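Below: one structure, written as structure tokens.
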Amino acid sequence: MGLLTKLMAILGFNRREVNVLVVGLNNSGKSTLVNQLKPDEQRATEIVPTVGFNVEKFNNKNVGFTAFDMAGQGRYRELWEHHYKDCQGIIFVVDSSDGLRLVVARDELEALLDHQHIRSKRHLPILVFANKMDVRGALSAVQVSASLGLEKISNKPWHICASNAMTGEGLQEGIEWLTNQIRQSVMLEENS
Amino acid sequence: MIGFKRDSKKDEEDGGGNPFQNLEKTTVLQEARTFNETPVNPRKCTQILTKILYILNQGEILGTVEATDTFFAMTKLFQSHDVILRRMVYLGIKELAPIAKDLFIVTSSLTTDMTGRENLYRAAAIRALCSITDGNTLQQSIERYMKQAIVDRNAAVSSAALVSSLHMTRFAGEVVKRWVNEAQEAINTDSIMVQYHALGVLYHIRKTDRLAVTKLVAKLTKSTMKSPYALCMLIRITCRLIEEDDVGTNSKLFEFVQSCLRHKSEMVIYEAAHAIVNMKKTGARELAPAVSVLQLFCSSSKPTLRFAAVRTLNKVAMTHPAAVTACNLDLESLITDANRSVATLAITTLLKTGAESSVDRLMKQISSFVSEISDEFKIVVVKAIRALCLKFPRKHSVLMNFLSAMLRDEGGLEYKASIADTIITIIEENPEAKETGLAHLCEFIEDCEHTSLAVRILHLLGKEGPRTKQPSRYIRFIYNRVILENAPVRAAAVSALAQFGALCADLLPNVKVLLARCQMDTDDEVRDRATYYSVILNCNDAVLNNRFIVENTHLSLPTLEKSLHQYTMQPSETPFDARTVPVAAISPSEEARLAAAEEISTKPKTAIATMTREETYAEKLRNIPQLAALGSPFHSSPAVDLTESETEYLVKCVKHVYERHLVFQFICTNTLNDQLLENVHVHLDPLPEGFVVAANIPCQRLPYGEAQSCFTVLTFPDVLAISVGSFGAVMKFSTKDCDPATGLPDSDDSYDDEYMLEDLDVSVADQMQKVAKANFAASWDEAGDENELEDVFALTSMQTLDEAVKNIIQFLGMQPCERSDRVQEGKSSHTLLLSGVFRGNHDVLVRAKLALSEGVTMQLAVRCSDPEVSELVTNSVG
């Protein structure tokens with residue numbers, strides 16, 4: 001980690017391209033969240049329920065993210081698995097104001113972690129956004145983490161942060177964590 | 001270095017072929033894994049996509065799993081913003097759409113693209129999107145975007161949306177209907193393409209609603225549309241409206257079409273002219289401007305325009321020859337056109353419209369290029385000449401010479417057959433041309449490699465030759481065949497010789513000698529025929545001659561075959577009786593041929609059914625055990641409707657006449673999908689005197705939509721005079737309600753019901769079979785005047801002889817002989833000769849002398865072996 005590396009980073013030589021998968025139940029705010037991450041001039045003004053998936057791109061700290069924003073509606077969820085194979089990170093979005101469906105979210109998360117393509121990737125970082133934190137009566141990040149059973153994930157790095165996708169609050173923190181994790185996991189992969 | 005150069009040169013030569021020649025499905029699909037790499041390599045992926053599209057288009061079939069996997073791999077490519085790659089992805093999606101599953105996963109990505117800023121993506125994205133949607137997803141997610149796209153400012157986007165919605169009407173017509181307003185707006189754009197497509201969509205949405213179409217057309221005809229394509233389409237729609245509404249030529253719509261003749265664009269002008277020409281009700285006045293426009297096109301420098309114009313004129317010439325005569329000069333200049341298709345069409349048009357005086361000149365011009373065109377076009381020319389011959393009988397010598405010259409040229413069987421056909425038609429139509437025509441044909445068979453044609457011509461010579469002035473000159477030609485040709489031709493020649501022997505007494509000794517020589521032939525059939533004919537001719541009996549040589553037997557061949565087969569299956573002492581076999585009806589093919597001769601068309605003639613109506617029915621009747629006992633039906637009438645065409649039950653009746661029995665076959669169709677009919681039969685009441693119902697065969701089950709038959713068997717009364725009459729009929733059945741979807745009855749409850757049918761008539765025609773007599777006079781004399789009945793009738797309702805002749809033929813159901821069904825124009829009297837066989841194998845001959853004097857007066861003479869039949873026939877006329 002010397003001068004050279006820093007110089008390279010500044011000049012954008014070791015710029016990386018990664019694919020991340022954005023999943024979660026319907027109406028949890030995935031598309032809004034991804035929209036918020038994009039540069040100002042590319043943002044859409046109106047967000048409609050996604051059918052299938054959307055591809056969006058954004059940058060963070062010299063890492064180019066390609067986000068596959070998957071549809072969250074029940075009948076489209078089985079399509080997620082087609083994208084598991086080649087993603088370097090997963091963003092799981094939870095509507096923290098919707099206590100009722102947290103169990104459903106937990107089921108989906110468990111099914112995701114249990115999938116063969118996910119299990120085999122030991123360093124795949126999982127970022128959970130406890131979205132809609134501004135809504136009155138929303139659960140806190142700790143409560144969400146407990147009800148999703150995140151502490152049981154032992155073989156993968158994970159992180160939860162409360163967010164508000166409408167204003168962008170909390171997003172930057174989460175994405176920065178993800179960027180670091182991906183850098184590390186890619187480096188690990190290259191070393192091994 | 002030099003070596004390397006040489007190598008690269010060699011590579012270039014080798015690589016000239018198809019780079020995708022040796023692709024294998026599995027390898028290509030394996031390569032498709034590259035799609036998953038990050039970052040995407042657009043160049044490589046584009047190439048792989050091309051390969052996938054290539055193998056798909058080569059007919060390689062992907063399984064659902066393979067296709068779905070490839071498709072999902074392809075979805076990863078949406079992350080690249082490479083324009084070429086993205087457009088390939090759209091194509092790939094469209095190709096995989098019918099095979100792969102879960103296609104809707106790309107819906108959002110495509111909608112983003114179609115609403116996005118990149119114009120290059122938008123149109124293609126719309127097309128891809130529409131190929132993957134079904135009615136369901138369409139409604140909820142993309143309808144809004146489609147509406148926007150239709151009214152988009154970009155012409156490509158708008159057109160893509162319109163065309164896609166046209167495709168989508170197939171599965172989501174209701175949704176597309178809601179886009180009418182947008183399509184309406186799109187029609188007002190400036191873009192030529194969009195206007196055309198918008199009109200297409202609008203018309204498609206509204207085409208079931210007549211009123212809406214009328215409004216649409218009325219509105220659009222007032223505004224001037226910019227797009228010539230849209231105008232062409234509008235002209236077509238307008239024409240359809242005019243035809244459907246049956247409005248006269250004074251209407252606004254027609255005015256619009258006429259105004260289009262003055263449009264700037266050639267396409268629109270042609271379309272308008274074509275439309276006017278093809279309308280059913282156009283008169284000479286309306287045609288004139290259209291034809292003059294076409295005339296202008298004839299001298300255009302563009303070959304397509306010339307071709308279109310000549311082709312249309314050719315069609316008009318059939319319906320309105322007078323209108324086309326104006327263009328004759330221009331057409332004549334087109335004969336020398338470099339384009340052979342244009343030239344041929346011009347010639348045939350001229351032949352149709354040409355005046356008598358120009359025939360000679362035309363023939364000269366045709367002969368200059370006839371050797372250069374292909375056989376099919378030659379056939380077209382021959383057909384045109386045939387029509388010309390019928391039109392100008394006096395010109396037959398010129399035309400005949402030309403035809404014989406064409407006969408001598410090289411050509412296929414079809415070509416030669418069409419020429420021979422033409423000559424034969426001319427001979428039949430025009431007695432003056434007979435001698436020369438026969439001479440040409442004789443010359444032709446001297447050197448004819450087509451057996452079937454030679455046989456036909458020999459048969460014709462046998463029929464016509466003896467009645468010419470100098471029959472002896474044909475004998476030599478015919479006997480030459482016996483010496484030189486193969487067996488089938490020799491056999492035909494022997495038959496033809498015998499005809500001469502039977503009809504020309506002075507030639508008889510010579511013919512006998514020739515036939516005796518033929519008995520030494522190597523072929524069985526030839527020897528048999530020769531022996532048969534010489535035995536008959538040696539008897540010197542005119543009646544025998546007439547019955548066994550001049551007249552042909554008219555037994556129905558399929559039935560004869562069946563009967564003989566049955567006879568050989570069951571050994572019996574009694575010899576086979578040919579009289580049990582019904583006589584064959586004169587097939588309508590001959591009349592069809594004559595009809596075809598009158599109108600010239602390049603269309604192939606529809607195949608003539610090999611079995612006549614009777615034979616097909618007989619086949620079915622034989623399969624019903626109760627009816628099989630009656631033998632073969634003598635005559636079956638065409639089906640008659642006993643109900644209106646739009647009632648609950650449709651019933652048709654076919655009358656089968658046996659020697660002593662009458663069978664009514666009722667073909668019933670149930671058009672109510674919630675009813676199951678059982679035990680369907682027809683009750684006949686009142687019965688005419690003398691008829692007895694012998695059996696009733698009901699139809700057990702009549703489900704919805706199927707046509708089933710039930711039968712009623714009656715015996716004819718013994719007295720012939722009362723064997724015609726009218727029957728009342730009621731259909732009786734029991735009904736069960738059933739489920740419209742499955743057709744299964746709801747319950748076992750049924751109730752009886754009946755349904756009134758129209759009355760049935762049995763006439764003389766039903767009991768008569770048409771039989772042609774070649775030599776009516778001989779048969780008439782043979783029948784003798786013992787059983788002749790004569791009567792005079794006044795047919796006051798008839799105005800012309802032609803009408804009277806047609807009515808008499810139809811009423812009696814007999815065959816006109818010796819072409820007496822054609823009345824020569826301008827004559828006030830005519831003799832109609834009819835022959836037929838009455839049920840029970842009684843030959844019936846009728847001679848009707850007609851005279852025109854305030855209505856038609858008819859002197860009817862009937863000769864028959866059975867006096868009762870003669871009486872019945874005469875009585876039925878009165």
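Keep in mind that glycine also has a Cβ here, set from the backbone N, Cα and C atoms.
A C-beta separation below 8 Å, combined with a sequence spacing of at least six in one chain, links A:SER28 (GTP binding site) to A:GLY72, A:VAL93, A:VAL94, A:ASP95, A:ASP98, A:ALA105, A:ASN131, A:LYS132. Annotation comment: TrEMBL describes A:GLY24, A:LEU25, A:ASN26, A:ASN27, A:SER28, A:GLY29, A:LYS30, A:SER31, A:GLY72, A:ASN131, A:LYS132, A:MET133, A:ASP134 as GTP binding site.
For A:THR50 (Mg(2+) binding site), the count of additional Cβ atoms within 10 Å of its Cβ stands at 25 [all protein chains shown]. Under the DSSP three-state reduction, A:THR50 (Mg(2+) binding site) is assigned to coil, being neither helix nor strand. The Mg(2+) binding site annotation in TrEMBL covers A:SER31, A:THR50.
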Pairwise Cα distance for A:THR50 (Mg(2+) binding site)/A:ASP134 (GTP binding site) [Å, integer]: 23
Proximal but sequence-remote residues of the same chain as A:GLY24 (GTP binding site) (Cβ under 8 Å, at least 6 apart): A:LYS30, A:GLY72, A:PHE92, A:VAL93, A:VAL94, A:ASP95, A:ALA105, A:GLU108
For A:LYS30 (GTP binding site), the three-state class that DSSP assigns: helix
Against chain B, in sequence order - binding-site residues A:GLY24, A:ASN26, A:SER28, A:GLY72, A:LYS132 with Cβ under 8 Å: none
Long-range Cβ environment of A:SER31 (Mg(2+) binding site), under 8 Å and at least 6 residues apart: A:ILE47, A:THR50, A:ASN54, A:ASP69
In the chain carrying A:ASN26 (GTP binding site), residues 6 or more apart in sequence that have Cβ under 8 angstroms from it: A:PRO49, A:ALA71, A:GLY72, A:GLN73, A:GLY74
Most Cβ neighbours inside 10 Å, all chains, among the binding-site residues A:LYS30, A:LYS132: A:LYS30
DSSP three-state assignment (helix, strand or coil) for A:GLY24 (GTP binding site): strand
Residues that sit under 8 angstroms from A:ASP134 (GTP binding site) by C-beta distance, when 6+ apart in the chain: A:ASN164, A:MET166, A:THR167, A:GLU169
Largest inter-residue Cα distance among A:GLY24, A:LEU25, A:ASN26, A:ASN27, A:SER28, A:GLY29, A:LYS30, A:SER31, A:GLY72, A:ASN131, A:LYS132, A:MET133, A:ASP134 [record-listed GTP binders, Å]: 21
